[in-house]
Amino acid sequence: RHRHKEKWATTAPRIPSTRLALHHFDSSYSLHLGELWPSVRASLLCEQKYGALVNNFSALDHVTRELELLNATDFVFEALQKAEQSQQGAPAREAVRGSQEGCVQGRTVIQAETMTRAEASPPFRASISSKIKCYTFPRGDITRFHPARPDTLGLLGYYLMDAASLLPVLALDVQQDDLVLDLCAAPGGKTLALLQTGLCCSCCVPAGHLAANDASISRTKRLLQVLHNYVPREVRETVSVTSYDGRDWQDVEGDTFHKVLVDVPCTTDRHSAMEEDNNIFHKRRTKERQMLPMLQLQLLMAGILATKPGGEVVYSTCSLSPLQNECVVERAVEIAETQFNISVRVEDLSHFRTLFQDTFSFFSGCRLGELVLPHLTANFGPMYFCKLRRV
């Protein structure tokens, strides 16, 4: 009479999204990265390293002095300086090579061919904006930047971001009179970096223009807040901020822009491995995650179609996944040719590895584009970026 049924849980214990993410990464990235994966995995689970993007609209000299007192250095300036020194050293190397003509002939020819390739390589022809300044601490230094303070005009002196996130902006090589589209702009770090080039400066004739779009209205509000905190009103008012679905952009303004940045939604590997909040590996978001490569392809195609003939597109993610990186680029190039009769050429960015090897750890196995790997001594990334030119 007093017996009762044993109660069973109606649902199984929930597996944390971070654990699901790591399980997925272990099964796929261990194959893709091989022996590099254990180190990359450990780095993903450690504290991320940040860079301080200097706000050229603030009290610039004061901000740079403050950052240099912390023993931080501008990695963009250092890279450009190193490239210039290498270029200046080329004539001296040529002279030394000439004096060695009496050496063993076979070896001399091989050395000459190697040096010629090195001197002709893109590092010494690369066009990278020296107006973008980003300070980082040396390799192995885990010092953290304190939050930026407003100047007398109320503008913050620098923006803290993963320094590898600047590489897609640098690859885009924005000029002051360019018409530029940031198709997936929020939360605003790359948009702010684009503005540091002087793109919307009223003193430039003709002045360029920036359109910043993001499909999410809530994220667009964050973008507007970043612009409010860092950019003077007269410049801010020249930026077109919209919340269209980026996949439909060609219906709004096709064949319009000189440069397009397509920084697509992705699995955000570092966030997925570390944070439960808004994690795309949550079981409720399985379908959304599986559809990511299709969404990324549609956004990249929209970016290509928004570009003028001769214009350039940079595609980027913060994922290590080749399915979200090279595979998306390859498919977009194929679709542009077969369905739209548009020829798209993937540009060589290998010079970025040479220029920025002192700051970032690059993966040498990318078929297309470049990939920054998290590393315990330089814990930036992951960041994939690839540049395409519409011929």
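Numbers here mean position along the shown chain, with the first residue as 1.
Placed from the backbone N, Cα and C atoms, the Cβ positions cover glycine too.
TrEMBL entries are annotated by machine, without manual review.
Note that the coordinates shown come from a computational prediction; the quantities given were computed from them, not determined experimentally.
Listed in TrEMBL for this protein:
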type     : residues                                                                       : note
ACT_SITE : CYS318                                                                         : active site, nucleophile
BINDING  : CYS184, ALA185, ALA186, PRO187, GLY188, GLY189, LYS190, ASP214, ASP245, ASP263 : S-adenosyl-L-methionine binding site
DOMAIN   : 82-391                                                                         : domain 'SAM-dependent MTase RsmB/NOP-type'
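Applying an 8 A CB threshold to same-chain residues 6+ apart, the list for ASP245 (S-adenosyl-L-methionine binding site) reads ALA215. Predicted-model confidence for the domain 'SAM-dependent MTase RsmB/NOP-type' (82-391) is 88, expressed as mean pLDDT.
Here the binding residues for S-adenosyl-L-methionine are CYS184, ALA185, ALA186, PRO187, GLY188, GLY189, LYS190, ASP214, ASP245, ASP263. Their largest Cα to Cα distance works out to 20 Å.
If you draw a 10 Å sphere around the CB of the residue listed as 'active site, nucleophile', it holds 23 other CB atoms from the protein chains shown. The Cβ of CYS184 has fewer other Cβ atoms within 10 Å than any other of the binding-site residues CYS184, ALA186. Within 10 Å of the C-beta of GLY188 (S-adenosyl-L-methionine binding site) there are 26 other C-beta atoms, taking all protein chains into account.
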